[in-house]
Amino acid sequence: MTSPENPDLPDADDAYVDSGPGTQPASLEDLDMDSASTMRPMATQAVYRPEFDDTDGTSRGTVVTEAYDQVTMATRALSPMRRLGGGLVEIPRVPERDPLTALMTNPVVAESKRFCWNCGKPVGRSTPDGRALSEGWCPHCGSPYSFLPQLSPGDIVADQYEIKGCIAHGGLGWVYLAFDKNVNDRPVVLKGLVHSGDAEAQAIAMAERQFLAEVTHPGIVKIYNFVEHEDKHGNPVGYIVMEYVGGTSLKQARGAKLPVAEAIGYMLEILPALGYLHSIGLAYNDLKPENIMITEEQLKLIDLGAVSRLNSYGYLYGTPGYQAPEIVRTGPTVATDIYTVGRTLAALTLSLRTRRGRYVDGLPSDDPVLETYDSYHRLLRRAIDPDPRRRFTSAEEMSSQLLGVLREVVATDTGVPRPGLSTVFSPSRSTFGVDLLVAHTDVYVDGQVHSEKLTAQEIVRALPVPLVDRTDVGAPMLVASVLSEPVHTLDQLRAARHGALDTEGIDLNESVELPLMEVRALLDLGDVAKATRKLEDLAARVGWRWRLVWFKAVSEMLSADYDSATKHFTEVLDTLPGELAPKLALAATAELAGTADELKFYKTVWSTDNGVISAGFGLARAQSVAGERDMAVQTLDEVPPTSRHFTTARLTSAVTLLSGRSTSEITEQHIRDAARRVEALPDSEPRVLQIRALVLGTALDWLADNTASSNHILGFPFTEHGLKLGVEASLRALARIAPTQSHRYALVDLANSVRPMSTF
């Protein structure tokens with residue numbers, strides 16, 4: 001609380017409003033950073049949007065999302081910790097707070113925070129001629145001002161609300177704690193609607209703010225009432241009566257910068273509330289840490305003073321540094337609210353630069369947080385894109401991507417995979433590159449040299465594919481085709497095109513998903529030219545949406561145009577930063593192109609979801625190429641035993657330990673480690689026999705220049721005689737399963753040449 005010796009308002013009392021200067025109306029010129037209003041510390045301010053027609057094509061309107069159902073829980077002992085973000089983030093539980101402890105002992109506004117509510121210029125400051133006046137008339141515009149509380153403890157407002165005192169001061173004056181005498185002394189908060197100097201504005205504000213009473217969401221502070229009370233001059237002053245939310249604001253909670261995972265967890269709880277507002281045609285407009293309260297059970301949006309109807313005009317309230325730059329031109333939109341979410345996340349986690357008391361637009365290029373969490377960086381970039389059409393289209397879409405980013409962040413921080421199902425991509429359809437490192441040992445079996453090259457066709461057949469857009473008119477008939485064979489899919493689409501299927505009167509010519517499914521089937525069949533033509537025709541009709549860009553990148557990969565494929569997969573990733581599919585595609589493309597980028601993308605996918613087996617084997621290959629063979633073995637050891645590729649991973653790790661190294665680089669420990677991995681697998685497993693031969697043969701070569709203990713490996717003494725017996729036995733076992741007579745003879749001859757000389 002504030003002490004009499006320090007009249008500056010504390011952060012602890014900023015729960016309902018910003019602790020900065022008062023809310024200020026501003027003209028269009030006030031958006032310039034050199035204007036007087038923006039030279040003040042950050043606080044909720046107003047900009048004026050005139051009523052004019054904006055024809056630049058910027059998308060506006062409501063986005064319907066589902067509201068959360070309120071859940072009533074039985075009384076129970078609460079854990080000192082609670083979880084956010086789908087259980088991925090744990091935070092301390094905020095204890096319940098006695099409302100009276102929030103009262104300010106000395107409700108005084110510091111001189112540095114006194115500004116005229118009308119023109120935004122400093123008022124009430126000390127001068128050489130005398131002390132500062134807490135009320136008077138602005139010397140610049142003549143408007144009356146007062147920084148004294150208009151309500152005193154004991155006042156009864158509307159014959160119902162007993163004022164207990166001030167708890168904060170914000171843009172529209174003092175915020176008061178009161179007890180509702182009609183409802184068992186329930187604590188409530190009273191806040192002025194507009195400045196009290198304009199009676200006509202008071203009446204208009206009372207009428208305009210009535211719509212807030214219709215807002216009902218568990219993540220938004222409740223509006224109980226709208227009342228009037230005469231000030232000392234006899235003028236009616238309107239107040240909004242709100243639920244008292246005890247707890248801590250995010251501004252108080254953060255202190256230093258928050259961990260990224262914690263900040264994302266908070267935003268995931270707030271986004272459904274924003275989505276609800278958008279669904280009923282409202283914009284919040286003033287999201288910032290000060291306006292988010294952490295209570296014992298949940299997070300809540302407080303301070304609805306800036307809420308307005310979507311696309312409205314007139315005075316629009318917001319905070320410079322958080323407010324979208326285009327709001328004067330477009331009015332409040334879903335996109336302007338999304339911008340504030342991005343800026344709030346940035347303020348919570350990054351060291352943002354400030355100028356003249358407000359955050360500078362954009363993101364710091366050298367912040368280590370952005371270097372550590374690439375997907376988080378991409379998400380912030382999209383959320384605050386200067387072009388509102390490129391931002392997330394809804395709170396629901398941003399929430400989905402934010403959850404994906406959270407899984408990556410938590411996996412990075414803890415080293416524990418955090419897999420989850422995507423809402424826009426299918427799971428991987430199969431695997432690629434799993435057998436590459438062990439394939440060359442197949443020469444023992446059939447005498448044929450096997451390629452270790454990854455192919456684009458193999459990758460494309462395995463990559464996830466975009467899920468069908470459920471809003472598309474052709475979606476119902478495509479649900480069953482998602483995992484169909486390409487030829488079958490083309491037959492279905494051909495039948496639909498010729499009316500052989502019942503489409504219930506729907507004009508399938510309007511569908512985007514039907515031709516897109518045809519493109520996918522053609523690419524799976526390798527008909528890149530035809531798929532590309534159809535894709536370009538579709539793009540000419542509907543534009544390059546992200547699903548189209550994905551398949552364009554796939555076609556470029558198949559055409560070996562890896563630079564273009566990388567560019568377009570990156571475009572998809574920038575649009576959907578929480579998805580693993582574009583990261584897996586970028587890793588595979590980089591491996592095909594022979595660049596070094598595959599390691600970081602394979603690593604991100606594998607560390608987040610160890611069910612994406614292709615990423616694990618890809619990461620191991622990349623680590624081997626980089627000379628990090630021990631790391632590659634560790635990666636292969638992370639393949640879960642429940643995977644059908646577990647045996648291949650064990651065999652590949654054995655090969656990785658020994659291959660690609662000179663005899664001088666191999667140690668006895670490498671050989672014994674490889675032998676233990678093979679020995680743990682039954683001989684009936686494919687490739688076990690040939691890897692046994694490889695391990696024993698490598699040990700025999702190594703022993704020619706080195707010495708080792710004679711302890712057995714794979715059942716044979718670690719001696720020249722013992723290893724020769726082992727190699728001979730392995731070669732004869734392989735000869736018995738050789739597919740051709742000639743290779744069988746070759747293996748027998750090789751076994752005879754290795755066989756130790758008999759002594760009698």
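Here the Cβ of each residue, glycine as well, is placed from N, Cα and C on the backbone.
Feature annotation from Swiss-Prot assigns active site, proton acceptor to ASP286. Note on ASP286 (active site, proton acceptor): other Cβ atoms within 10 Å of its Cβ, all shown chains, come to 29.
Taken from Swiss-Prot, the feature ATP binding site covers ILE167, ALA168, HIS169, GLY170, GLY171, LEU172, GLY173, TRP174, VAL175, LYS191. For the recorded site, VAL175 (ATP binding site), the DSSP three-state label reads strand. In the shown protein chains, 25 other C-beta atoms lie within 10 A of the C-beta of VAL175 (ATP binding site).
The annotation domain 'Protein kinase' is assigned in Swiss-Prot to 161-403 on the grounds of sequence analysis.
The region 'Disordered' feature in Swiss-Prot is assigned to 1-31.
Across the fold, the C-alpha of ILE167 (ATP binding site) and the C-alpha of ASP286 (active site, proton acceptor) stand 20 Å from each other. The distance from the Cα of ASP286 (active site, proton acceptor) to the Cα of HIS169 (ATP binding site) comes to 16 Å. Note on ILE167 (ATP binding site): other Cβ atoms within 10 Å of its Cβ, all shown chains, come to 27.
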